[in-house]
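Just below is one structure, and these are the notes that go with it.
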Amino acid sequence: MTEVEFLEEYDLKLDEQQVALLTLQQHPMLVKGKSGSGKTFLFLSRIAYLLKSEMAQKEEMLNIVYDKRMAKEMTKQYRFYFGDDGEIPSFVDIYSFAYALIRRHCEATGRLLPKAYRDMSSVIRRLCKDMFAITLTKEQCSEVMGKISECRNLMMPEKQIAEIMIADRKNLDFLALYKEYAKFKDKKDIYDYDDILAVATEILVKDTVLLEDVKKHCHFVHVDDAQELSFLAHMLLKMVSSSTHELFLCADMDVSIAQHRAAYPQALDAFTQTYTNGEILTRNGNYRNNATITDACNRFYYKDKEGLQSISQETCELKFKGFADLSKLYAYALKKVEDEEETAFLYHDFAMAVPLIELFKEKGISFSYQGNMKHFLQDKFVRDMWNFIELLIDPRDMRAFYEVYEAMGLDISKRVLLEVSERLKADEAVDVYQALMESSYKQAGKKKLASLMERIRMAENKSTLDMVIFIKEKMGYNETLRKEGIAMNAPVILAFEILAQRYEDPDEFLYHLGALKDYQADPISRITICSLADAKGYEYDRVCILDCIRGILPQKEDSQKERMLFYHGMTRAKHELEFLASKRCTTHRLEISPYLYELHEKMEEEKRNETATVATPTAKKLRPTSLKRGMMIRHVQLGEGKIMKIADGMMHVKFTDGLKQMNMKLCIANKLIELC
């Protein structure tokens, strides 16, 4: 089959450059191209042509893609474009390929194959807790794991590892943690994903028989998203493809999403030195995004540099949707899917997608989603709040009390806990608080509990959201959050409170929250909910980016990684692109992402006007001298309240939760209050 016959048979419209790359090259080839330049379709088309023209057999091919999910997607796309005639090639990610090598070596040597785990975050958290008495936040855990991956993949010496520091965790000895983590894996005889690459490389260095056999079955090596490979992955690739000239790599050197997996795109800078007679070819043009979206991507990411070159003349309106309350954002998203448009809701933090998933589930909307609901439901804040609410619903729930008594600031011995448990079994009229007061618990603890008991019983009849606020403010949980370095408006807290606001009855709330655990979304749907990173390799008619809120997207404003991720999400949209943000969530004041100000000139002007306003009339309204008895104010956590008395720089404000005494200057300086 000639190139022309191939194009006609499958009704393909390839440009001259793509057609030239379909056939054998007789030398290693790296195809560079920006987003939307057609690299992936070229990757698929070349594989198909070599098979259809019988220049290659599928058993001779090694086709590497980004991850397992993309391997399935590539198989699906291949079937769609080139038919199911029994010649469907295999697509694998580099980790699956490496693990298969380890399996073959274990079978040959009689060794038991160690299990491999993708997510070892729970182990890292536990080690940090045991070794340093540190509770890592989700962001800190991600940073630690990224550093471990970097050390392993770059084969760092111990001296260099010892110099690594984790932000805001100066008492964390990274080298000690790194060694203890390695000991844990050795003891359990398990691998993480970085071990897979390291061990596979070591095996091929020592087992020359296996290496030569692998080379025979890797005569045609194709790699999509080669910029996402780590240094070890590039070493492995070099070893298995050293005997063939048919090495074909596609890469976007401007975007590397897998930095958490120690992606090392710098290796491609030395491509012609690494591979004899290697050639680099650049593809231009953006065939995916319309002209408006392309222009927005260039303004945001490339700025004054040469960016994407749109092929399409189509234009659209970039939509910036800001909502007074986060709950309205999700209501808008629900309305958005009423038409038949293919739509993707992309998020940076999975917690921000949970209220949307729950809403679509309850409304019977067909959708697919990528994300780990188990991680959300097992988050410490979610588990603690769940147990607190169960305890408020049923003050005899000893299990719930056992889970949260430390978060309540109570220091109770095992002996006292057993006393309380026995007392509850003996008398059904007694609750945990009464049982604790009657136990041998120390007097100081009883005094603290006594001050809480009346308010706790009053909270039993509150709505779910009011319960959550009560738990944080009256039962001492805010102090727990502060100690653990968790922001009061962390995504998991915002998401939890949106769900609490949605279901006022606590029992109903817990039922719907629990129903998320086993919920199975549709595998294929015109509506997709996934992370900015997981959208890699996909494109959608319409994209809505969900969590355009300062502190969430981006988490850190100087983060090039997050800027890259946001740009990557923008490039997934073919025809429509929307950005969704909110200024408030229940009692939390939120700010619009600075990224949106960069994208929208009008919003930038509004931001400047708001800054100017704060410097003149608004500041005057919020001077302590302008606050008067009888005025209504709004507190960021307590909501609306009435000033009842002002004296000696302090104001007494009546909120729904009761009378509060506040320092006026501190409230104004920290932007905790505003006039209603």
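Residue numbers in this text run from 1 along the chain shown.
Heads up, the Cβ atoms here are built off N, Cα and C, so glycines get one too.
Just so you know, TrEMBL annotations never went through curation; they're auto-generated.
What TrEMBL annotates here:
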- 12-290: domain 'UvrD-like helicase ATP-binding' (DOMAIN)
- Gly33, Lys34, Ser35, Gly36, Ser37, Gly38, Lys39, Thr40: ATP binding site (BINDING)
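Of all Cβ atoms in the protein chains displayed, 23 besides its own lie within 10 Å of the Cβ of Ser37 (ATP binding site). DSSP assigns Lys34 (ATP binding site) to coil in the three-state reduction, outside any helix or strand. Neighbouring residues of the recorded ATP site, listed in sequence order and excluding Gly33, Lys34, Ser35, Gly36, Ser37, Gly38, Lys39, Thr40, comprise Asp252, Arg283, Asn286, Tyr287, Arg288 (Cβ within 8 Å of the Cβ centroid). In sequence order, Val31, Gly33, Asp224, Cys250, Ala251, Asp252, Arg283 constitute the residues six or more apart from Lys39 (ATP binding site) in its chain with CB-CB distances below 8 Å. The number of other Cβ atoms within 10 Å of the Cβ belonging to Ser35 (ATP binding site), over all protein chains shown, comes to 23. Secondary structure at Thr40 (ATP binding site), as computed by DSSP, is helix. Per-residue confidence over the domain 'UvrD-like helicase ATP-binding' (12-290) averages out at a pLDDT of 93.
Each of the binding-site residues Gly33, Gly36, Gly38 was assessed for Cβ neighbours inside 10 Å, and the highest tally belongs to Gly36.
Neighbour density for Lys34 (ATP binding site): within 10 A of its CB lie 22 other CB atoms from the protein chains shown. Over all protein chains present, the Cβ of Thr40 (ATP binding site) has 22 other Cβ atoms lying within 10 Å.
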